[in-house]
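Visitor: Mind having a look at this structure? Questions to follow.
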Amino acid sequence: MVSFELLWSKLEIRVLVISSLFLQIFLLAFAGFRKYVVSVRWAETTRFKWRGPLAFIFHLLLWLAYLLADYVATVALAYLRGSEMSKATPENKTTYLLVFWAPFFILHLGGQDTITALSVEDNELWARHMLILVSQVALAMYNYFSSNLKVGELWPPAALMFAVAIFKYGERVWSLQRASMSALRSSMITKPDPGPNYAKFMQEYTSSNAAGLKAEIKVENEKHKDKGDLESHQTKDDPEWKHPDYETVVCKAYEFFQTFKRLFVDLILSYKNRDDSQKYFAKLETNAAYNLVEIELCWMYEILHSKGSIIYSYKHYGWISRVITLSVITTALCLFVTSDHTGYGPFEKFLTYVLLGGAVLLEIIAIIVLLLSFWTYASMKDCWFFSTFSKFLFSIMKKMRPENKPRWSNKMAQYNLITFAHEDKPCWWKSILKCLGLKNTWDQYRYTTCVAVNEYLKELVFRELKKKMNNIDDTASYRRFTDHRGQWALQRKGYYQEFGWSVEAEFDESILLWHIATDLLFHNSLEKQKPEPQPEPQPEPQPEPRPEPRPEPQPEPRSEQKTESQPESQSAQQSEQKPDPQLEQKQQQEKEPKREISQEISNYMLFLLIVRPFMMPAGIGQIRFGDTCAEAANFLQPLGEIEKRNVKENKTEKVDSEKVDTEMGNIEKDNTEMGNTEKDNIKKRIAVSRLLEVNTEYDPSLIKGDRSKSVLFRGCMLAHKLKEEFTPEGKGEPDWDKMWRLISVVWVEMLCYAASKCSGQFHAKQLSKGGELLTVIWFLMAHLGMGEQYRIEEGHARAKLIVSK
C-alpha cells in the first residue's frame, strides 16, 4: 500500500498549482465586493440578520485568500528546487513541464488588478515585495537554467511567460509604492511656489519714498463667494441643475476628484476650490450630491487597494499594457499547443493548459473590468478612439451599477450603552477571554449591530449642512461652524440656555449624555405613543424638484401654532391650485422619522466612540464609558421581583402585567415561546423605566464628585429636563415631535463635528471595510466648503504699491 507521505510528495506541486490558480480567480471575482460589505452583524429586528455572519465569513475568506495566495506561490517556487528537480534529464519531459510552471507562480505573486493591498498599511510594505520579487525571480531563473529546458521546445513560451510574470509582479510593487501615504502625498503636492518677490517689492517702496514720491501699500482683503450668487444657484428651478443625469454626475465626480483626493493625505485646498464646489453643490438635490461623493470615494478605494494607482493615473497605460500582456500570454499558449507533447504526463499536460488558459481568461476579465470602469469612461470620454463606443459602454455600466445603488455598504453600526450594561453578565468563559485580552473584541462583536442608513437621515444631514453654508460669510465663520457640536442647533432653536451645558462639556461626555437621554426618551415615547410609520425610502429623485429652505431666523420662536385641519371643500379647491413648494417640503419634513433617526445616530456615535476611537477627537471616552457601564450594571440588577412588581403596578404602561409576569418567570428558560428580541425588549423597557424613576433634581456630579467619570444619572437628568421643557405647563404629555426635531439636529451637528475632526488617513482606512457614514459626511462637508482644509488664497499680489506725486 502506498504511504500517504509518498503520495503527497508526488501530488504536492500539482495541488499547489491548482490552489494558486483558484486563489487568483477568487481574488479577482470577489475582492472588489469588500467595499460594499461591512463585517458587523445585522440588528435582530431586521429580516436580514443572517447577513452579519456571512459578511464576517466573507471578510475572513478574503483575508485568508490574500495571505495564502502569496504563501502558496512562494512554497511552490521553493518546491521546484526539491528532490524531483534533481531528476531532470532530457528524457524526462514531464519534469520540464514542472519547470515551465515557475513563471506562472511569479505571475500569481503579481496578483490581480482588483486587489494589491488588503489594508492601507500593506501599501507601506512595498519594499518587502520588491525584495521578494528579486529573490523569487532569481530562484525561478536558477531553476530554469539548471535544467535542460533552455534547449528544449518549451523555452520560447517559458521566456514569454517569464517576461509577463516579472512585469506583472513589478507592476504590483509599483502600485503598492504609489499608493503608500508618503508617495501619494508627494504625487499630489504642487510645484514649489516662491510667491511674489518681497525684496523687490520693498525695494521699490523704499526707492519711491527716497525719490520724494508718495508711496502707499494697499492690502486687499480675501475675496469670498458672493452669497447672493450662491443663493441664486440654490433657487434655480431647472431640473437639469438639481437632478443631473448619471453621465454628468460621473464626469463631474472625476473633475472634483482630481482636487479633493488631496484630503486623504491631509493636504490643504484653496478658496477657489471651495467656491467652485459650493456653487455646484448648492443646486444639487440630495441623491445626486451623495451619488457624486460616493463615486469619488469608490475611486479612492481603487487607488489605495488595487492597481488603480497606476492603471488609472497614467492615461492609456491601463488598457495598452493589458492588451500587450494578453497578446504575449496568448502567443505563449499557441507556442505550447504547437510544440511536441511526446513524453508529457497527461495530468501535467492538462494542468499546463489550465494555467495558460487561466492566465488568458484572467487578462480578458481584467480588460473588461477596466473598460467598464467609470474612471475609464470619465477620463477617456473625449478620446477619439474611445468616444466611438463610449455610449454603448456607459449603457452597460448603468445596468451593472444603477444610479440609485450605493457604492459602499450604506450601513451604520449600532452600539447601545444600556443594552450592554444590562446584558453583559460575568461568567467563567468571559474571565478567560479577559485574561487572553480578547474580552473587548468579543464585546464589540457581540453587542454591535448594523442597520441600513435611512434616506431621511441623508436628507436631514444635507439640509442642515446647507443651512450652515448659507450662514457663512468669511473664513472665521467657516471654522466657527465647523467647531460647533450642538451649540448652533440649540441657539437656532432657542434652547441653548437650558441645554448648553450638555454640549459644552468634553465631546465624549456630550456623546454619552445625549446617548443616554436619547435612549431613555426613545423607549419612553414608544410606550406613550404609537410608533411612527416609516414610509418606504424613495431613492429615485422626485419628479418636481424641491427648493432648499431659506435660513431659519436666530433663534426660532419656541411657540408653534398648530393649524386646524381645513374643510374638505376648501382643501379640494386648494388641490386644484399650484402646490406650494415650501408647504410640500414642510409636509415632507413632518413625515421624517426623527425619533428613529435620532436613535440610530446616537447608537452610531457611541459605536465610533468605543469601537472606532481613532476616528474621534482625543479624550477619555472609553474610560468614561466603562465607569458609566459599571454604575449602570450596579443599578440595573438582574430583573426579578422588583421588575415584576413595577410592571404589575403599571409603571410601564404598554406591557400587559400578566403577560410580563409569565414572561419574566420564563425569561431564562430555553423552552419559552418568546424570541430573544421580545425578551430583550421587555428587559430594556423595564430598565428604562427604573432609570426614569430616579430623582435627578440635584446635579449628580456635585454629589458623587469627579473621581468616577460616570455620566449615567447626568444623562437621566438631561432626559428629564428635555421632557419638562417640551411639556406644556408641566402637565400631560410632552410635544414629542418638537422634542425629536431638536434632538435630531443636535445629533446631526455632533456627527458633522466628529467627521470634520477625523484625519483623512483614518477615513481612507475604512474604505476597504465597507466604508463609514462618517467618511461620506466628511467628504460631503468638504465639497460644501466646510472644514479647516481651505487655507490657500488663490492668486498673488494681495498687496499693491500705489505711487503718487
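The backbone N, Cα and C atoms fix where each Cβ goes, and this holds for glycine too.
Dumping what TrEMBL says about this protein:
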TRANSMEM  13-33  transmembrane segment
TRANSMEM  54-80  transmembrane segment
DOMAIN    63-419  domain 'DUF4220'
TRANSMEM  100-118  transmembrane segment
TRANSMEM  125-142  transmembrane segment
TRANSMEM  154-170  transmembrane segment
TRANSMEM  319-338  transmembrane segment
TRANSMEM  350-372  transmembrane segment
REGION    528-597  region 'Disordered'
COMPBIAS  543-565  compositional bias 'Basic and acidic residues'
COMPBIAS  566-576  compositional bias 'Low complexity'
COMPBIAS  577-597  compositional bias 'Basic and acidic residues'
Visitor: Can you tell me which of 13-33, 54-80, 100-118, 154-170, 319-338 gets the most C-beta pairs within less than 8 Å of the transmembrane segment (350-372)?
Guide: 319-338
Visitor: Do any residues, 6 or more residues outside the transmembrane segment (100-118), come within under 8 Å Cβ-to-Cβ of it, and if so which ones?
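Guide: Sequence-remote neighbours of the transmembrane segment (100-118) are 13, 17, 20-21, 23-24, 27-28, 31-32, 62-63, 66, 69-70, 72-74, 76-77, 80, 132-133, 136-137, 140, 143-144, 149, 154, 157-158, 161-162, 164-172, 175-176, 179, 304-308, 311, 351-352, 355, 359, 362, 366, 369-370, 768.
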Visitor: Hey, which of 54-80, 154-170, 319-338 has the most Cβ-Cβ pairs under 8 Å against the transmembrane segment (13-33)?
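Guide: The stretch with the most close Cβ contacts to the transmembrane segment (13-33) is 54-80.
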Visitor: What residues in the same chain, six or more past the boundaries of the transmembrane segment (54-80), come closer than 8 Å to it by Cβ-Cβ distance?
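Guide: Tertiary neighbours of the transmembrane segment (54-80) are 12-13, 16-17, 19-20, 23-24, 26-27, 30-31, 33-34, 37-41, 98-99, 101-102, 105-106, 108-109, 111, 115, 118, 132, 136, 139-140, 143, 769.
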Visitor: Where else in the chain does the transmembrane segment (319-338) make close Cβ contacts, counting only residues six or more beyond its ends and a cut-off under 8 Å?
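Guide: Contacts of the transmembrane segment (319-338) (Cβ under 8 Å, skipping residues fewer than 6 from its ends): 154, 156-157, 160-161, 163-164, 167-168, 171, 311, 352-353, 356-357, 359-360, 363-364, 366-367, 370-371, 376.
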